[in-house]
């Protein structure tokens, strides 16, 4: 059983997705999906423990040996990602039943859960697999189900947003496929570690350069790096609340993982950063992303839009950490991956709770909610503080390491810009706080009640995690450190 | 007493923190709620006094909680400067609580439970800050103070409170994130340590340009020290209820700022390195200009609390100057000024609040002749003003004396003249208030008290105690002087005092 953990992670939700249709009763399906998600979380925890203890696990699918068969390869990096995705996926799902009752028609519930599980399968697959083509397959699974999930939104604009995402996402996926195809053409293999050894000989050819470019652009589209982020704000804003919370906390993280995996493991650091000027390109784009997205966030009227643009800015931070190209930088990036999932999970879920009670997340509708929904709003405040990076929250931890990394690498201006970026965060977070706490309730609206516990439970679980992992950083820092050190080939 | 000293040290931080829960639970019963606050502040004061005695007896007390990140521990230590700050803060918390009971009830404020919760939280953070053993711990508590006092500043919940709160949080949070945090990270990067160490953490051959730049970042980043141009938050914070202005914006928050400046100057840079840095002189002049300008602005304020706020900005400049002078008399003067200004300014704010509650007046021009209706309040105002100005028989005399000595020793004549000039300005903007209160002039009917009576008894008791404090510190300044001198011993500086 223990030996099959890597494949179970992917197969469990994949098998469970069609099974949902047999149950076909909203509540039952929910409980089933929840059970499956919880099982994958346990699975990912076991995997992480195993990997931290005894190094990477290699699993050969169907017993076929590596270059011929598909191999799953779990090291610290993917185990960490699997843990993030599965736990956030589970926590978010807790609130799903309450939320979709308001936001989706009854006959769509089963569809919702099975798509949710499929999307999860795709993400697990991307992260777990050690085969480049397999990445593409799972990418399509997760993306297609994500498009459908977004299109479920009741707002008619959700269709347009999903369509936009579909077009952009498909372009991204196609680019990735072209890149992989070219690599296959040059090396004759699709296995990542095999690719890595064979690429050394052909690394100077123009085909490999082109493959690299296609892959990077495709992945950056998926991770919504500025200026390839245009699909994200509407997709997040008009999707059902649960979908937003789920995707915001997981989808872009998977793309960041792909970027790291391809540049570090497949192409190698020297190729990506020395032969090609990836560092300066991504550093500039990351910084521009932080500022452009944060400034745009300040002017939004829809709170989901505010946080969506904030997500783009946070992706910018991850990319900055990544492009510093030191062990500490990548570690900061990975930490932020984890921490950002906690923050955005909490914040978007809280927005879901607001949506549930008042049916809108326009900023103007937030008036007076500070008094009427005190627990939800204080969750937003704490999540917001974490986003700003106030000490004793997770946001501070990742910002600290990001700053240390940039100063260590001698990039003082970057450190200054990172700090200035967080000042912009204060502005857009405080717009929400001031509206909720200092404006009187909207006239003519019935008194709003606090969100139900099925919402508050998961929201506050994430909020407490935001504080807990901001105080006790052992788990996140250790794992992130181990993962980034193994990428750089440093043995702790 | 059986409690170990290490436990007591932690209790000073934990007790107010735990009290927040107790206050929340007892929120429905105001008397019980206030009893919780008062007994907590008594307990904290008890612990601090015990620690003080132990420190005097030569005990070394330190506690380490846990490492937030590898190499960055949250840990506490009792040393003289922190002790001084903790003593003042815990004592004045008790007094302010007594005052607040009278004020908040007399003024019929809403959301009193939230008020007391945030207050206790802020005090807990102040204690943590006072006893911080390293810059990292200090920074965490520094930010907690900012955040926990934001609801206090915006207590009224009005549009004006919102604006004030925006400036308050905007400046304090921005400067701390953009400059203070950067300075800390650079310090860590350059010296490899954030520990408060005697003689500083930088080694002798550190690049003085870099260290000088870090010093500038520190002084600007510690926005709570209110050096111009980052002083706007303090007048903005005056929308808060008066007990908040009194304790937080005359004692806890602003003193946390100058305390941090002192800590950084003494224990991060060290008094030997400080004068060698190329930026020290620039900062000294900046602080001097801040002192002078703030005094001038204060003269033009008609709102009493605004005038006091600008006066605070000016007085904080004195303390920063003393720290930057980096001589023994400068440090002694600064540390004692923390104490004497705290007592003086809190009394003035208490009086302002008492006037507001009793007569609903906040404008100075309306306070003529008020001395007959509120003799105790106005007499207290007079004595506290003397302390701020720095003339006998009030405590401010000593601290200003040492500060002036510091400027003379280092030969900064311009700064000495600034300080003297500012003292004259203090006279001009503070003394007319009690003067006109008792001598309203002929064309002003003296008996226009119109049924105005003295403030509620708890408030009156509180402001009498702090006034007596001002006087006592003139006659018997030894405890604070000894502590201030001990700072020099700890920091490893030989001194001629």
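Here, residue 1 is simply the first one shown, and the rest follow in order.
The backbone N, Cα and C atoms fix where each Cβ goes, and this holds for glycine too.
Owing to the predicted nature of the structure, the values given are computational and were not obtained by experimental measurement.
Proximity of distant same-chain residues to the domain 'NADH-Ubiquinone oxidoreductase (complex I) chain 5 N-terminal' (B:72-116), defined by a Cβ-Cβ separation under 8 Å and at least 6 residues beyond the stretch ends, is recorded for 5, 9-10, 12-13, 23-24, 27, 30, 33-34, 37-38, 41-42, 44-45, 48-49, 51-52, 54-55, 60-66, 123, 126-128, 130-134, 136-137, 140, 151-152, 155, 157, 194, 196, 241-244, 246-247, 251-252, 255-256, 259, 262-263, 266, 335, 338-339, 342-343, 346, 350, 353-354, 356-357, 455-463, 465-466, 480, 483-484, 486-487, 489-490. The domain 'NADH-Ubiquinone oxidoreductase (complex I) chain 5 N-terminal' annotation in TrEMBL covers B:72-116.
What TrEMBL lists as domain 'NADH:quinone oxidoreductase/Mrp antiporter transmembrane' is B:132-424.
The annotation transmembrane segment is assigned in TrEMBL to B:84-103 (among others).
The transmembrane segment annotation in TrEMBL covers B:115-133 (among others).
Long-range neighbours of the transmembrane segment (B:139-156) within the same chain, counting only residues 6 or more positions beyond its ends whose Cβ lies under 8 Å from a Cβ of the stretch, are 68, 74, 109, 111, 114-115, 118-119, 121-122, 125-126, 128-129, 132, 162, 164-165, 168-169, 172-173, 176, 180-181, 184, 222, 224, 236-237, 239-241, 244, 248, 252-253, 256, 260. What TrEMBL lists as transmembrane segment is B:139-156 (among others).
What TrEMBL lists as transmembrane segment is B:168-190 (among others). Long-range neighbours of the transmembrane segment (B:168-190) within the same chain, counting only residues 6 or more positions beyond its ends whose Cβ lies under 8 Å from a Cβ of the stretch, are 135-136, 139, 142-143, 146, 149-150, 153, 201-202, 206-207, 210-211, 213-214, 217-218, 220-224, 230, 232-233, 236-237, 268.
The transmembrane segment annotation in TrEMBL covers B:210-234 (among others). Here the transmembrane segment (B:210-234) has Cβ contacts under 8 Å with residues 142, 145-146, 167-168, 170-172, 174-176, 178-183, 186-187, 190, 202, 249, 253-254, 256-258, 260-261, 264, 268-269, 273-274, 277-280, 282-283, 286-287, 289-290, 293-294, 309-310, 312-313, 316-317, 319-320, 324 of the same chain, all six or more residues outside its ends.
Cβ atoms under 8 Å from those of the transmembrane segment (B:246-270) belong to residues 81-82, 85, 88-89, 92-93, 96, 99, 119, 122-123, 126, 129-130, 132, 135, 138, 142, 145, 149, 152, 187, 196-202, 211, 215, 218-219, 222-226, 234, 237-238, 240, 277, 308-309, 312, 316, 319-320, 323-324, 326, 331, 334-335, 338, 341-342, 345-346, 348-350, 353, 487, 491 of the same chain, restricted to positions at least 6 beyond its ends. Summarising the annotation, TrEMBL assigns transmembrane segment to B:246-270 (among others).
Here TrEMBL flags B:282-299 (among others) as transmembrane segment. Away from its own ends, the transmembrane segment (B:282-299) comes close to residues 215-216, 219, 226-228, 231, 307-308, 310-311, 313-315, 317-318, 320-321, 324-325, 412, 414-415, 418-419, 421-422, 425-426, 428-429 of its chain (Cβ-Cβ under 8 Å, at least six residues beyond either end).
Feature annotation from TrEMBL assigns transmembrane segment to B:308-332 (among others). If one looks beyond the transmembrane segment (B:308-332) by at least 6 residues along the same chain, the residues whose Cβ comes under 8 Å of a Cβ in the stretch are 219, 225-228, 231, 234-235, 237-238, 245, 249-250, 254, 257-258, 261-262, 265-266, 271, 274-275, 280, 283-284, 287-288, 290-292, 294-295, 297-298, 301, 338, 341, 345, 348-349, 352, 388, 399-400, 402-403, 405-407, 409-410, 412, 415, 419, 422, 425-426, 429-430, 481, 484-485, 487-488, 491, 493, 495-497.
The transmembrane segment annotation in TrEMBL covers B:338-358 (among others).
Taken from TrEMBL, the feature transmembrane segment covers B:370-391 (among others).
Residues 284-285, 288-289, 291-292, 295-296, 298-299, 304, 307, 311, 314, 318, 321, 325, 348, 364, 367, 371, 378-379, 381-382, 385, 388-390, 400, 403-404 of the same chain, all 6+ positions outside the transmembrane segment (B:411-435), place their C-beta atoms under 8 angstroms from a C-beta of that stretch. The transmembrane segment annotation in TrEMBL covers B:411-435 (among others).
Taken from TrEMBL, the feature transmembrane segment covers B:455-476 (among others). For the transmembrane segment (B:455-476), the list of distant contacts is 92, 95-96, 98-99, 101-103, 105-106, 339-340, 343-344, 346-347, 350-351, 353-355, 357-358, 374, 376-377, 379-380, 383-384, 386-387, 392-398: same-chain residues at least six beyond its ends, Cβ to Cβ under 8 Å.
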Could you put numbers on the helix, strand and coil content of the domain 'NADH-Ubiquinone oxidoreductase (complex I) chain 5 N-terminal' (B:72-116), residue by residue per DSSP?
32 helix, 6 strand, 7 coil
Using a Cβ cut-off under 8 Å, which residues of the same chain at least 6 positions beyond either end of the transmembrane segment (B:338-358) come close to it?
84-85, 88, 92, 95-96, 99, 102-103, 106-107, 241-243, 245-247, 249-251, 255, 258-259, 262, 304-305, 308, 311-312, 315, 318-319, 367, 370, 373-374, 377-378, 380-381, 383-385, 387-388, 394-396, 398-399, 430, 452-456, 459-460, 462-463, 466-467, 469-470, 473, 480
Take every residue in the domain 'NADH-Ubiquinone oxidoreductase (complex I) chain 5 N-terminal' (B:72-116), average their pLDDT values, and give the whole-number result.
84
